[in-house]
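Undergrad: The structure that follows is given in the form of structure tokens.
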Amino acid sequence: MNVSWALLAVVLVLTVATYECRPRGRILGGQDSKAEVRPYMASIQQNGIHQCGGVLIADKWVLSAAHCATNSSNSSLNVMLGAISLSKPEKYKIVVKVLREIPHPLYNSTIKHHDLLLLELSEKVTLSPAVNPLPFQNENIDISAGKRCLVAGWGQMRLTGKKPDTLQELWVPLISRDVCNRRNYYDNEITANMICAGESRKDSCEGDSGGPLVCDGIAVAIVQGGFRKCGNPTKPGIYTLIEPYKSWIMESMYNATLQSNPSPL
């Protein structure tokens, strides 16, 4: 009898361990993307290593998250576009140096407010079936809770730190701000400029930060960073809405263009 109970205890321990080791990455529960399906996706890299996601919004501009910035006057970042695989050769894959990093001036790394970053590329990219900008939300439209939107990235897939070589994508439901601000969720930390999305064991994670949340073919928000256990139903993914920052985006792009191409006296 004692042996039987010992065996049962071992089985229970192994079962719990197996459950805890299931993937919990941000793009947890996702699937491989396909070539040319997400031509707006960008991999922001430092020394050839993927750091964050991003979204191509113009032929010389990528939108990402402010916590992905290097905080250096001379950017050491590169952006990979036209890729599904981070390592394998692909027909339209290109790597472009970042000329300028423009984090939102009010970004607060402690509370993650205004977590947006504009990256000006060193050259205009040649558009192709695998490299194409995505329009972003510029109208103040409240998207209904429960709507399923797409998030993609090369972020962490397991708590062990495993990251994919192939772009992962996942449809996640939006969660109302009222629910996300409940005490057992984020306890009133979600501002009017943020939105939550995700469900149990379906989420985005470390390395997906900066990538877009896409609803009806439009980038509506950007994946935030944060210290949380990915895939936790009461700690869903937090995203920075793009629409409240449309003026900052357009003005920053315009001013940077003027600096790069000053008018003759």
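Glycine is no exception: its Cβ is also placed from the backbone N, Cα and C atoms.
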Undergrad: Would you mind checking which of CYS21, CYS52, CYS68, CYS149 shares a disulfide with CYS215 in Swiss-Prot?
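TA: Recorded partner, per Swiss-Prot: CYS149.
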Undergrad: Of CYS180, CYS205, which cysteine does Swiss-Prot list as the disulfide partner of CYS196?
TA: CYS180
Undergrad: Can you check which residue among the disulfide-bonded residues CYS180, CYS215 has the largest number of Cβ atoms within 10 Å of its own?
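TA: The most densely surrounded of these disulfide-bonded residues is CYS180.
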Undergrad: Considering Cα atoms only, can you say which of HIS67, ASP115, SER209 is the nearest neighbour of CYS52 (disulfide bond) among these active-site residues?
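TA: Considering only the listed active-site residues, the nearest one is SER209.
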Undergrad: Nearest by CA distance to ASN108 (N-linked glycosylation site): which of the recorded positions is it, out of HIS67, CYS68, ASN74, CYS196?
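TA: That would be HIS67, the closest of HIS67, CYS68, ASN74, CYS196 to ASN108 (N-linked glycosylation site).
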